[in-house]
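Visitor: Got a structure for you, questions after.
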Amino acid sequence: MTNIIETVDLTDLVGLCATDDVAEGEILRVKLPSGHALAIYCVNGEFFATDDICSHGEASLSEDGSLDGYEVECSWHFGRFDIRTGHACAMPCEHPLRSWPVTVEGGQIFVDVGAHPV
């Protein structure tokens, strides 16, 4: 099952990668046209996107983090975030990550860039 947004302004969708580029239980770093880095996750066949940089420090979640179910752990201070919502789940992280609406179409992963200013 994929995480699909029902109503999306198609002008705000940006293609990031193919679904085959993100292995089950893995994290892939991608960049928006603005250069802003996102982390793409695949859990149980669903795809999720958050900002790639931990809200507590400057660690890349895709490069240094680890995925455990629906939570990503930052390797710097072991804070955790729910990849579905961006919610901070473990200290020292107090501020959520931005999570991005994901659409999967034709084997491609898109995010709604209208969801957040970058």
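Each residue, glycine too, has its Cβ placed from N, Cα and C.
Swiss-Prot feature annotations, pasted as is:
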- 14-111: domain 'Rieske' (DOMAIN)
- Cys54, His56, Cys74, His77: [2Fe-2S] cluster binding site (BINDING)
Visitor: Which ones in the same chain are close to His77 ([2Fe-2S] cluster binding site), with CB under 8 Å and 6+ residues apart in sequence?
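Guide: His56, Gly57, Pro92, Cys93 - these are the non-local Cβ neighbours of His77 ([2Fe-2S] cluster binding site), listed in sequence order.
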Visitor: Summarise the domain 'Rieske' (14-111) by DSSP state, stating how many residues are helix, strand and coil.
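Guide: Result for the domain 'Rieske' (14-111), in helix, strand, coil order: 7 helix, 47 strand, 44 coil.
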Visitor: List the other residues in this chain whose Cβ sits within 8 Å of the Cβ centroid of the [2Fe-2S] cluster site residues Cys54, His56, Cys74, His77, in sequence order.
Guide: Ser55, Gly57, Ala59, Trp76, Phe78, Gly79, Pro92, Cys93
Visitor: Looking at the binding-site residues Cys54, His56, Cys74, which one has the fewest other Cβ atoms within 10 Å of its own Cβ?
Guide: His56
